[in-house]
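To start, the structure under review is shown below, and the notes come after it.
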Amino acid sequence: MQCIETNNLQQLLEQVKPYTKKGKLATYIPELGNANPDDLGIAIFHKETEYIHAGNSQTLFTLQSISKVITLALALLDRGEEYVFSKVGMEPTGDPFNSIIKLETTSPSKPLNPMINAGALAITSMLEGKDNEEKMERILHFVREITDNPTINYSSKVADSELETAYLNRSLCYYMKQNGIIDCDIEELMDLYTRQCAVEVNCIDLARIGLIFAMDGYDPYKKKQIIPKHITKICKTFMVTCGMYNESGEFAIRVGIPAKSGVAGGIFGCVKGDMGIGIFGPALDANGNSIAGFKILELLSAQEGWSIF
């Protein structure tokens with residue numbers, strides 16, 4: 001890490017910038033279609049020397065599927081492993097993240113993992129709280145603590161945009177309710193889920209989340225354990241096997257670190273015991289990952305020897 005400098009990051013951004021022209025915005029969520037496809041930013045948060053950043057690293061964007069890691073950690077804290085994995089599986093899937101196929105063809109009929117939409121919805125339904133306001137406040141408090149940013153909130157504009165068009169997610173919920181995976185009110189769950197996905201961060205926030213997971217839940221700046229080590233281990237394992245949608249296998253080969261992406265263009269990754277990386281690039285490849293973000297992580301991993309394999 002010590003050899004990575006801001007100038008080096010800037011050069012890498014310029015090197016991969018042309019890839020943004022090959023990607024597309026996630027226009028199926030109307031608000032995400034308003035992003036600038038040329039935006040590209042990165043931050044790296046180290047355990048000792050704080051962070052370096054380059055490009056559009058302070059532009060706000062929504063977590064989207066990155067929030068699945070946050071809520072998984074919270075659900076495991078609330079309910080424990082036995083309950084969580086009685087409702088959601090641990091296996092990767094070759095299907096799209098919003099597919100219903102495996103719910104229909106797998107026995108018992110439960111989502112294969114917490115990183116696909118069906119699994120993430122089931123996880124969100126497990127969060128403790130008397131109502132959605134309390135549950136959302138717990139999610140925000142958790143994100144604020146691991147980012148050390150008390151100003152973090154969610155975009156009601158993005159949440160409303162998602163809620164209006166989330167027909168497929170609703171169908172996943174109704175199917176799971178029919179099969180006893182969830183038992184809550186569907187519209188209440190959809191409201192909470194779209195809000196969790198609409199939590200706004202920048203690359204620096206995302207890199208700090210990556211650092212906490214890289215340090216097995218320990219915050220080296222606050223000098224305290226924020227997330228139990230065994231929970232971060234579970235989360236990082238899912239990040240390796242399922243974190244990059246249907247490119248998780250290729251990402252493991254080309255980059256080789258635990259990472260999670262979201263369709264707003266964010267990616268966060270962690271290098272064990274050392275650093276967290278946060279990237280923003282809203283131009284996506286065919287699998288829903290930041291096309292330039294993937295490339296810059298590939299180059300950095302090759303340069304720095306990050307791969308865990």
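Even glycines carry a Cβ here, placed using N, Cα and C.
What Swiss-Prot says about this protein:
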- Ser65, Asn117, Glu162, Asn169, Tyr193, Tyr245, Val263: substrate binding site (BINDING)
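Packing around Val263 (substrate binding site) is summarised by its Cβ count: 22 other Cβ atoms lie within 10 angstroms of its Cβ, all protein chains included.
According to DSSP, Val263 (substrate binding site) sits in a coil region rather than a helix or strand. In the three-state DSSP assignment, the secondary structure recorded for Asn169 (substrate binding site) is helix.
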